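Undergrad: Here's a structure for you.
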Amino acid sequence: QASTSARSFQLDYEHNCFRKDGAPFRYISGSIHYARVPRPAWRDRLLKMYMSGLSAVQVYVPWNYHETLPGVYDFTGNRDVEAFLDLTAELGLLVILRPGPYICAEWEMGGLPAWLLWKPDITLRTSDPAYLAAVDSWLHILLPKIKPHLYQHGGNIISVQVENEYGSYYACDHGYLQHLLGSFRALLGSEVLLFTTDSTRVEELRCGTLQGLYATVDFGPGSNVTEAFGAQRRVEPKGPLVNSEYYTGWLDYWGEAHASTSAAWVARGLEDMLQLGASINMQYMFHGGTNFAYWSGADYKHQYKPVTTSYDYNAPLSEAGDPTEKLFAIRTVISKFQPLPVGPMPPATPKYAYGSVALQKYADLLDVLDVLCPSGPIQSQFPLTFEDLKQAHGFVVYHTQLPRDVPDPATLAAPPHSICDRGYVMLQKEYQGTLERDGQTTLNVTGKAGDTLDMLLENMGRISFGANTSDFKGLLGNLSLNSRPLSNWLIYPLAIDTAVQQGWPHAALPESSSGGRVGPAFYTGTFETPGISWDTFVKFPGWSKGLLWINGFNLGRYWTRRGPQQTLFVPGSVLHVGHPNNITVLELEGAPPTPRLLFLDRPLYNRTLGRST
């Protein structure tokens, strides 16, 4: 057993490799995001990664998952990053840590906290003093927790990435990278290996790299491996070849087909790189998991593209942690280059189809604002954003009245780019339709002076990649009626999750709800498990779009009407055995005539708009 003082992990520029405790070393790694995997499943997923032949895992730390409000930190439960690191060490895995501060990861705002936008003119990911002050105070909390886990200190973190594909960001602010390098060195010491990751494009490598940070690249199975590593060699003429993100699959956007990447193609690219002696991390993803609650991000590619709740990614380990054909293909390739651990691959986790569960309507959302916004509304002449209201996620209701009689259809309109991201419109509490970012922004309405007009505004996740501007949420401009602005708003920031976590509406007396099936409303039901709490998948036959909670746990957004994802993953760890499981659904557009959910033993990922369910 080497003493701690002899432990080292270094670059060898002479022999173009890493050296671990002085011996040449190459890693084969895979990415897993602890925030997307329920804590009770961490061990299962990591063990399967170890048994696949991986020597390391690559791990992001999402800043906004831990610093939920300025100076308010959470490292408990699913957010206990040190417990996760301890588990990786116990299972014999090394760790490549990516603490950001920006991580992309298709995660809400790329891991940056929404509260940064409380200062509306802040320039993210630059040397803006307001941004750097927030980053520094966070790094002073996070990095001292990480330091004892570094390889040099007896832990298992062999390297730490600074920022994330910074070259793809417009700012190209080397002063910012220099500042981060100084902070990481001051807090983690001089010995830890710090690196960057960028695409193979010349411009991105120019903006994303910095003297003092080892430059690595990322590319997928379709690339010419020699050319791709040639790009790394232009910025790092010597040292190990490293692909920090080898794409084993791809993400899904709402309204587009489910992505898939062939196992043979992935395996071939992996073998080509291993033959060159490269170190590789399989990301995006080795195990993807799930964007529970409001954590999914969005890309901006000519338009706003929100990411699905499932983060299955067509990865070697499925959303539910099951080994796939792709995993075994990868393991076979790895076995040609290094011995595999002895023993069988742990099996797929057991699934159970709990069957059909009837729900009943509890109340229209507009009838329970007193519960969802206990502090009451905020009065404002004009609409306020989520950030003005200090609301990070979820929903806000904007309420006003028609200023005059509208006997003939008048155009209710929002200025371009001002609905962020979807607005459900009610007139006299009757659902009229939905306005959408980069989609429909007008509706025709009629009514009388004094009629109530409500818009429920949904935040679908802040942009994590592709935008050069901050992604504010809510109603960013003024609604107008036949071009005349509406004013005198009552604005209700909704704390739906707080209410549901406290047992509402199951612990409340039933509301005398209207029998209507359209517009935003809550539905409830219960089911018992037959003495087991196995993983399951829930399907929404005939439902449109909304959110699901079971036993107060927010399982994320469903969008049956748009697809491709048709089921939500329900980890067995959220279910009760021996007493009823409480289901709460917030349906936003329209429930089926007989509202029910269907629990299946397998997922459905690939049914898009226009296909029957």
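Don't overthink the numbers, they just go from 1 along the chain as shown.
Note that Cβ sites are derived from N, Cα and C of the backbone, with glycine treated the same way.
Curation does not apply to TrEMBL; its annotations are automatic.
The active site, proton donor annotation in TrEMBL covers E165. Under the heading active site, nucleophile, TrEMBL lists E245. Per TrEMBL, the feature domain 'Glycoside hydrolase 35 catalytic' maps to 18-336. Residues or ranges marked as domain 'Beta-galactosidase 1-like first all-beta' in TrEMBL: 383-494. Feature annotation from TrEMBL assigns domain 'Beta-galactosidase galactose-binding' to 520-578.
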Undergrad: Which residue counts does DSSP give the domain 'Beta-galactosidase 1-like first all-beta' (383-494) for helix, strand and coil?
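TA: The counts are 0 helix, 58 strand, 54 coil.
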Undergrad: Calculate the distance in Å between the alpha carbons (Cα) of the residue listed as 'active site, nucleophile' and E165 (active site, proton donor), and round it to a whole number.
TA: 10
Undergrad: For the domain 'Beta-galactosidase galactose-binding' (520-578), report the average pLDDT of the model, please.
TA: 97
Undergrad: Long-range neighbours only, meaning 6 or more apart in sequence with Cβ under 8 Å: which ones does E165 (active site, proton donor) have?
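TA: Correct list: C104, T197, D198, S199, E204, G208, D218.
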Undergrad: Using DSSP, what is the helix/strand/coil residue split across the domain 'Beta-galactosidase galactose-binding' (520-578)?
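TA: Per DSSP, the residues of the domain 'Beta-galactosidase galactose-binding' (520-578) fall into 3 helix, 27 strand, 29 coil.
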Undergrad: Relative to the Cβ position of the residue listed as 'active site, nucleophile', how many further Cβ atoms are located within 10 Å?
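TA: Cβ-Cβ neighbours of the residue listed as 'active site, nucleophile' within 10 Å number 24.
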